[in-house]
Amino acid sequence: MDVRKTNAVVTVNPFSKRESHSPKAIITYKVLTLLTWLLAVVVSAYYSVESPADDLKHGRTIPGQNLLNLSGFTLNFPLVAIYFVVLFILQIGYVLHLFSGDIDKVNAAASVGSHFILNNLLHFAFVMLFTRAHFAWAEVILIINFFNLSSLAFRHNTYPRFIHAPVVSGPLAWTFVAIYWNGAIAVPHSESLVARIFANIFVWSILAYGLFFLVAYKDYTIGFWLSILAAALGVSQFLDSIIALQWIFAFVIMAVLFSLSSVIAVSTWTGRELGFGKRTTHDNGDAERAPLLSDN
């Protein structure tokens, strides 16, 4: 009886772990994944150049809000734009795997489909709120998505790199940094001395977060993603000189994460085992399945 109940829950819960999917579920994932991905891409591109037409008083483009609300976590928008262009291009590869003739690739892609679809919808909601200056609600959306993506990273089975980089580590790294970026805007007096001191402290959480994945899971992809965002932070703080030390800290974080990620990436690609982190059960030479997050 308990087994039947458990199986029923797994069947109903779209976020549960599955090794295979029904043809109906695959079709659903194909449609919803493609539509929500297009929604995320279109809304990101549109509001990068256009302000909300329904809120002329508070509405701004994404870079407009970024420049209007300077803080210790203001990012360089051109670098952020490059980040998302690369991320969206990599996600095309993931979407195409759902339409692959290889059933193993289809099942692997579908296994993260629910989290990816939710990520796209939450990204859409965040952009709509952020561009209309609803920063508090935008922060709530980011936190929800952080838990969504963290659940994907920690609870599910190991995934090959073509899934992990565009669906897990890329969106997760952005969401983590965006919580600070948007949160700093949402807090009153974001340019005050107290806000500057807190920014100088919390910026190191980016390094700590990246080191956790690098050391515990040898996940070099999130290290590279975070190093790009640290560079975006460093460039912006250097150009704006809002916080004197912040750009130095950001570039140090970028250098450390990029260097360590490069070392781990090379060791993974060459099949050399490093003396830390969790081992995987797959061959080291199988670059298509690295890096992997071990199932907790």
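First residue shown is number 1, and so on along the chain.
Here the Cβ of each residue, glycine as well, is placed from N, Cα and C on the backbone.
Look at TrEMBL and you will find 27-47, 75-96, 108-129, 135-155, 162-181, 193-215, 222-239, 245-269 tagged as transmembrane segment.
Looking at 75-96, 108-129, 135-155, 222-239, 245-269, the range that has the most CB pairs within less than 8 A of the transmembrane segment (27-47) turns out to be 108-129.
For the transmembrane segment (222-239), same-chain residues at least 6 beyond its ends with a Cβ under 8 Å from one of its own Cβ atoms are 72-76, 79-80, 82-83, 169-170, 172-174, 176-177, 203, 206, 209-210, 213-214, 246-248, 250-251, 253-255, 257-258, 260-261, 264-265. Counting Cβ pairs closer than 8 Å to the transmembrane segment (108-129), the top stretch among 135-155, 193-215, 245-269 is 135-155.
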